[in-house]
Amino acid sequence: MPAGAAHAWGEAGRGAAGGVRGSWPLAAMTDYSEEQRNELEALESIYPDSFTVLSEKPTTFTITVTSEAGENDENVQTTLKFTYREKYPDETPLYEIVSQENLEDNDVTGIINLLEQQAEENLGMVMIFTLVSAVQEKLNEIVDQIKTRREEEKKQKEREAEEEEKQRFHGTPVTIENFLNWKAKFDAELLEIKRKKMKEEEQAGKNKLSGKQLFEMDHNLDTSDIQFLEEAGNSVEVDESLFQEMDDLELEDEEDDPDYNPVNLDSD
């Protein structure tokens with residue numbers, strides 16, 4: 001706490017008789033207005049940039065509380081609104097959260113519960129500084145929780161990526177259950193393939209024409225082969241080179257054959 005703020009806080013703690021009252025018990029004081037004015041002066045010195053008076057009757061003011069910077073300079077923030085009751089601090093002040101940044105709904109609920117608890121514990125003593133300090137610590141805890149949560153999320157993503165990488169290389173472990181499931185699926189797919197093949201073969205058989213059906217559809221089929229042979233015969237080319245070596249062949253002359261008998265040829 002700055003020296004000036006500490007001095008203001010100490011002055012705010014002096015009673016009407018000029019004595020310093022440590023934790024400010026008010027057993028002997030009934031001038032609530034004076035006690036409230038002294039606390040306002042102290043708060044204005046402690047929170048010069050975040051303290052704003054909204055009204056004097058009733059005394060209402062706001063204090064903006066910001067956490068310490070977290071990772072990546074992130075922080076959370078809330079603005080608290082306080083209103084003095086007539087007999088404050090023998091009565092708790094009215095308080096509410098009028099704005100916040102980066103807080104979840106459960107965080108806001110937690111801060112309200114914390115203010116209620118601290119107000120009851122400090123009843124009879126000026127308490128705004130105590131309440132604001134408690135909220136400050138709470139915001140710092142929230143920043144730490146955000147950091148921890150993000151680290152856990154990062155680790156979880158890394159574990160999931162690692163597990164996915166393992167699955168890619170090692171596959172799924174075979175168990176009786178998943179093997180039976182796979183086999184049932186495989187058998188069903190195989191059966192479907194066979195059914196499709198049988199259906200295609202059956203359909204192909206129905207569409208295939210017999211020789212008789214082909215002939216009935218085209219009577220020229222019986223003469224087409226003969227016509228083809230005739231046309232080919234008229235244009236047959238002889239390769240004379242095939243016969244150039246005929247003289248080299250050792251063929252026996254029939255007259256040189258001792259069993260040769262021309263009479264027998266005539267009788268044939």
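The backbone N, Cα and C atoms fix where each Cβ goes, glycine too.
Which of 1-20, 121-140 counts as region 'Disordered' depends on TrEMBL, and there it is 1-20. Each residue in the domain 'RWD' (38-142) has a pLDDT score, and their mean in this model is 93.
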